[in-house]
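First comes the structure, then the notes that go with it.
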Amino acid sequence: MSMSDPTGSSITTVPPDTEGPALRSPAAASAHRVRAVARRHWLVLKRSPHRFFDVLVWPLVDTLLYGSIGLFAAQAAGDSPSATTAVAVYLLSGTVLWHLVHQTQISLATGFLEETWSRNVLGLLATPMRDWEYLAGVGLFALVRTAASTVAVAALAFAAYAFDVTRLGLGLIPVAALLLASGWAVALLVVGLVLRYGSGAEALVWGALSVVMPLSGVFYPITTLPTVLQPVAQVLPTTHVFAVGRTLASGKPMPWGEFALAAGGTAVLTLLSLLALRRMLRTFRRKGLVTRYS
Amino acid sequence: MLTPPDERPPVLVARDLVKEYARGRAVDGVSLTVRAGERLGLLGPNGAGKTTTLLMSLGAVEPDAGSVEILGHRLPGDRARAMQGVGFVAGYLPLPDRVRVSEYLRLYADLYGLRDPHAAVSEALERFGIGHLAAAIGTQLSSGQRTLVGIAKAALHRPRLMILDEPTASLDPDIALRVRTALLALSAERGTALLVTSHDMTEVERLCGRVVFLHGGRIAADGTPEDVARTFGRDDLEGVFLHLAAERDKDRERERAATA
C-alpha cells in the first residue's frame, strides 16, 4: 500500500506497528535511568574543563589556605602540645570534612541547573522518568564527584601538613554519611527554590552554605560565635557532625550523645528538604513554571 | 482495510481542561480526543492556549480543572506509564550542550527503559538519515538537523502518540519538507498519532487530517481543514487563522476599553 503527501513525497505504508519495543523490567529501567542521568552529567563535566576548578583546584587552594593558617596558628600557640593539636585538628579536619558537604551540595544543585541552562527540563518531564530517579542520578554523580574532590583534599592535607583523615577510624564512615546527607538536603532545598522562584534563586547554589559554614563551627568551637548566634548554631545538625568529627580526629572515642544529635538533626533536615522540594515541585507544575525553560 | 477514524481507540483524552495564570485564563474548558494514527493540528494565534494545552497533555503543567488520560493512564498519578507511550518534540528547544547526538539519543533510550538502547539509537539514526551526525555536539547542528534529532529522540521508543510543538519553526522549506515527510512516514508505518501545533497553515494542511482551532482558550472549530475553512467562509486555514487573530485583537481592544 502506498500513498503520497501533498508535496509529492511518496510514503509506503504498512500495517501499523502496534508492538512496542522490548522494555526492561521496571526495577532495571529505574536503575538504568539513574545511571543514564549520572552519565549525562559526567559527559558535561568531562567536556567542561573550567568545571574542574570546582572539583579540584578550589578545594586544593582551600586546603593550602586553611592548612597554612592552621600551621601558623599552631606555631603561634607556642609549646603547648594540646593547643597545637587543637588548632591543627580544627582547621584540617574542618577543611577535609567541609568539602564533603560543599562538593555534594554544589554537584547536585549545579547538576539540576545544567538542565535549566541547557533548557532540557521540558524534555526530561516528557519521559517516563520519575522525580526520584532524576534526583538519584544527579545524587550518584555528586557522590562520585565528591569522592574525587575529597580524596584530592585529603591527600594534600596528608602530604603537606601530615594530617591523616583516616585517624578518625571507622567513625569516619558515619560522619561522612551524615555530611553527605546534609549536602544533599541543602541542595534539594536550593533546587526546590530554583524551581519555584527561577533564576533569581540560583545564587543560593553557591551562597546557601556560606551561611551554614560559619554557624556550624567548622573551623572553631561555636563558643567563639557571638552569644546571640550560638543557639542557632546548636540547632544546625552540621554543628554536631563536625563536633563528632573533631572528637574522633583527636583520637578520642565516639561521643555517642553528640552523634545521636547529629544523626537525628540530619534526618529531620533531610525530611524537611524533601517535603519542601515536593511542595515546590507541585507549585512548579501548578503555576506552569516550566514555560521559563521552553 | 483501514478502520474508520472515529472507531480507532483513543490515545489521548483531555476533558474540560482549564488553566488560569496571573495574566488571565489561558485554557477554558478544552476537551480533545486524539485517536490512534490520527494526525491532529492544534491551531490558533498567539495566546490562544495551544502550548498550555500541550503542556497539560504532557503532565508538565497541572490543570486547574479537567483531566488528561493517555493510553488509559490518567495524569498526574500515572504519568510515568503514560509517558511510555508519548514522544515530545519542540522546534524551539535546543539540544543539550556538550553532549554528542549519539549520547543524547542513548540517554533518552535509557530514560524510556528500552532493553536494547544501542539498537534503538542505530535504527533512529538510520531512519531519519542522520547517521553522519552521530558524533556531532548539539551546538554544531543547524536548526533542521536539531529538529530531526529531536524527532529521532521522540520516536526511539515507538510511541503511540507524538506531541509536536512548532516542529518546523524557522526551518528552510526543504528541511521542513524532510521533517514533514519523516513524520508522515512514522504515522503511516507505525500508526503513531500526531498532535501538532504550528503557525504554518500550509504545513498543517499537508500534514494533518483534522484541525482544532483555539480562540481565547476555547475550541472555536474542529474538523477537517476543508470543513473548518468552509465553516468560517474562508478559502483555507490561513484565512481562518487571520480571522481569529483579528478577533483576538478586537477582544483585547474591548478589554482595554472596559478597564480604562
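Note: Cβ is positioned from N, Cα and C throughout, glycine not excepted.
The annotation compositional bias 'Polar residues' is assigned in TrEMBL to A:1-15.
Among the features that TrEMBL reports, domain 'ABC transmembrane type-2' is placed at A:50-280.
For A:1-27, the entry in TrEMBL reads region 'Disordered'.
Residues or ranges marked as transmembrane segment in TrEMBL: A:55-77 (among others). Residues 45, 83-85, 87-88, 90-92, 94-96, 99, 102-103, 145, 148-150, 152-153, 156-157, 160-161, 163, 219 of the same chain sit 6 or more residues outside the transmembrane segment (A:55-77) yet have a Cβ under 8 Å from a Cβ within it.
Residues 59, 62-63, 66-67, 69-71, 73-75, 77, 146, 149-150, 153-154, 157, 161, 163, 165, 168, 175-176, 179-180, 182-183, 186, 209, 212-213, 218-221, 238, 241-242, 245-246, 249-250 of the same chain lie 6+ residues outside the transmembrane segment (A:83-101) yet bring a C-beta within less than 8 angstroms of a C-beta in it. Residues or ranges marked as transmembrane segment by TrEMBL: A:83-101 (among others).
Residues annotated as transmembrane segment in TrEMBL: A:134-163 (among others).
Positions annotated as transmembrane segment by TrEMBL: A:169-191 (among others). Counting same-chain residues at least six beyond the ends of the transmembrane segment (A:169-191), those with a Cβ under 8 angstroms from any Cβ of the stretch are 97, 100-109, 112, 135, 139, 142-143, 146, 201, 204-205, 208-209, 212, 237-238, 241, 244-245, 248, 254, 259, 262-263, 266-267, 269-270, 272-274, 276-277.
Residues or ranges marked as transmembrane segment by TrEMBL: A:203-222 (among others).
Non-local neighbours of the transmembrane segment (A:259-277) in the same chain are 174, 178, 181-182, 184-186, 188-189, 191-192, 195, 235-237, 240-241, 243-244; each lies 6+ residues outside the stretch with a CB under 8 Å from one of its CB atoms. Look at TrEMBL and you will find A:259-277 (among others) tagged as transmembrane segment.
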